[in-house]
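This report concerns only the one structure given below.
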Amino acid sequence: MSFEIPRKQYAQLYGPTTGDSIRLADTELFLEIEKDYTVYGEEVVFGGGKVIRDGMGQNGQLTRAEDIPDTVITNVIVLDYTGIYKADIALKDGHIFKIGKAGNPQITDGVDIVIGASTEIIAGERKILTAGGIDTHIHFISPEQVPAALCNGITTMVGGGTGPAEGTKATTITPGAWHISRMLQAAEGLPVNIGLFGKGHASAVEPLAEQIRAGAVGLKVHEDWGSTTSSIDMSLRVADEYDVQIAIHTDTLNECGFVEDTIRAIDGRVIHTFHTEGAGGGHAPDIIKIAGLPNVLPASTNPTLPYTRNTIEEHLDMLMVCHHLNPDIPEDVAFADSRIRAETIAAEDVLHDLGIFAITSSDSQAMGRVGEVVTRTWQVADAMKRQRGALHDPSGAPHGSAESDNFRLKRYIAKYTINAAIAQGMADVIGSVEEGKFADLVLWDPAFFGVKPELVIKGGQIAYALMGDANASIPTPQPRTMRPMFATYGKALQQTSITFLSQAAIDAGVPAELGLQRIIKPVSGIRNLTKADLKYNGETPDIAVDPETYKVTVDGVEVTSQPSDVLPMAQRYFLF
């Protein structure tokens with residue numbers, strides 16, 4: 001005998017289901033659930049008098065070795081490039097084990113995930129689950145960036161640096177084997193996944209190759225060290241040999257050539273361009289046109305995301321500090337001014353919305369804010385909906401109902417998850433909510449989505465959480481703030497975080513030589529990438545910049561946006 005209950009009551013008990021919509025934070029973005037893998041009337045819920053008890057929703061006979069998961073997140077809404085759906089998510093051995101319907105098959109049909117005595121439960125009802133974010137533009141200036149990033153849902157940090165040295169404050173580079181070794185050892189105490197860039201500036205192969213063999217996952221070419229065509233070509237030769245990525249910050253002053261010369265030096269080889277709009281650095285005024293090439297994986301940094309009435313004004317001072325410039329030297333001021341163009345910044349948000357710019361990142365403490373990658377990505381999505389209206393898949397493929405924002409949500413979630421992972425050769429391990437992936441996951445209350453997570457899970461264990469006073473009688477009394485949890489302590493940290501290395505470094509025995517105890521994974525599959533491999537962000541139109549007005553056109557049509565006066569996900573969330 002079936003029993004019907006009102007949809008609102010069902011959502012209160014078990015969370016919303018297929019066809020229901022959820023507002024994300026205080027934005028104008030609405031998520032619609034496309035599929036529900038749970039079974040109506042057979043939902044598993046934990047608590048007093050609830051379903052997950054021995055002999056009911058929990059099987060009391062099977063051991064952990066008999067496919068019993070370590071953790072099940074129940075009835076959670078997944079927002080991922082793979083889809084927007086509701087399911088039970090099982091974690092085992094630090095990985096996503098199964099996605100489907102949890103319960104006890106002895107009493108329930110259609111069970112994919114068997115809950116047992118070895119299983120912990122995280123209640124996902126009325127919550128949203130995303131993959132842990134990946135920030136591919138990290139200046140490792142301060143280790144305090146790590147908790148700031150985790151508190152916004154970032155679980156992987158890729159970049160370079162040695163601390164607050166001038167080279168690091170300006171460039172994402174860990175130069176040479178000695179510094180790479182020390183930073184890999186320092187990463188042993190950081191509860192995030194780590195990958196390091198070496199210095200991509202040499203006129204011979206071996207000074208670059210030795211950094212890859214020392215453990216770098218790629219090389220960074222940066223104008224402050226000289227973004228010359230020879231450095232670009234030599235770095236790409238080494239990258240092709242070792243299957244690593246080259247990240248590039250091109251020549252703002254056009255001293256070594258123009259954007260066309262850089263494109264010729266790249267010569268069709270895959271490359272990851274940083275702050276491709278140009279305010280963060282790059283050929284003035286038209287580096288942005290490189291985003292239309294099929295071998296370029298273009299990223300933005302968050303100082304210019306989203307475009308607001310304050311964006312232009314705040315950039316000059318940031319630039320002077322980050323690039324060791326002197327405000328008393330007219331040439332230094334002119335250099336800074338040349339990078340800040342309202343017209344190209346106004347086009348940047350639109351290029352993200354069109355799927356031309358593919359990745360968002362921070363540029364941490366070097367103009368960007370490491371704890372705002374997720375927030376600012378969704379602020380751009382909201383601004384674009386307000387200014388450009390609904391966004392639908394040009395292929396005509398369905399993504400929920402016509403009223404939902406599902407296609408736009410998949411495009412934007414991909415920018416700091418799967419696409420960042422693909423660009424760095426990490427996508428077989430992290431970057432999405434898929435079976436077999438490392439269990440780096442973020443749980444959000446929809447009202448706080450993109451701003452403050454409820455839980456951050458690293459390698460299957462809770463690393464950070466919204467937690468109340470530790471001396472209180474329950475976990476929820478104010479002040480509730482993001483605090484470190486057990487995955488960040490002791491040896492658990494090393495078993496829940498990954499250090500990415502080149503395959504050459506692993507083959508050379510670097511982990512044993514340095515005494516590394518963390519999980520070690522190689523980057524791979526990079527040199528055969530094209531922009532078409534990026535999810536929901538693979539467009540390659542013709543982009544042009546008027547050399548006099550700086551107006552940007554895409555396939556001959558001008559693209560621009562208006563600066564926002566007010567943003568969602570902002571002051572009302574940060575009163576305390």
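Placement of Cβ uses the backbone N, Cα and C atoms for every residue, glycine included.
What Swiss-Prot lists as active site, proton donor is His323, and the listing cites sequence analysis.
Among the features that Swiss-Prot reports, Ni(2+) 1 binding site is placed at His137, His139, Lys220, Asp363. Around the Cβ of Asp363 (Ni(2+) 1 binding site), a 10 Å sphere holds 29 further Cβ atoms from the protein chains shown. In the three-state DSSP scheme, Asp363 (Ni(2+) 1 binding site) falls into the coil class.
Every protein chain shown contributes to the tally, and the Cβ of Lys220 (Ni(2+) 1 binding site) ends up with 29 other Cβ atoms within 10 Å. Here Swiss-Prot flags Lys220, His249, His275 as Ni(2+) 2 binding site, drawing on sequence analysis.
According to Swiss-Prot, the feature substrate binding site maps to His222, an assignment based on sequence analysis. Shown in sequence order, Ala170, Thr171, Thr172, Ile173, Gly200, His201, Ile248, His249, Gly281 are the residues of the chain, 6+ apart in sequence, with a C-beta less than 8 angstroms from the C-beta of His222 (substrate binding site). In the three-state DSSP assignment, the secondary structure recorded for His222 (substrate binding site) is strand.
Per Swiss-Prot, domain 'Urease' is recorded for 132-576. Per-residue pLDDT, averaged over the domain 'Urease' (132-576), rounds to 95.
Annotation source Swiss-Prot lists N6-carboxylysine at Lys220, citing sequence analysis.
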So among the binding-site residues His137, His139, His249, His275, who's got the most Cβ atoms within 10 Å?
His137
Is any of the binding-site residues His137, His139, Lys220 within 10 Å of His275 (Ni(2+) 2 binding site) (Cα-Cα), and if so, which, in sequence order?
His137
Through the lens of DSSP with three states only, how would you label His275 (Ni(2+) 2 binding site)?
coil
Starting from the Cβ centroid of Lys220, His249, His275, which together make up the recorded Ni(2+) 2 site, report each further residue of the same chain whose Cβ lies within 8 Å of that point, ordered by sequence.
His137, Thr171, Thr172, Val221, His222, Ala247, Ile248, Thr250, Thr273, Phe274, Gly280, Gly281, Gly282
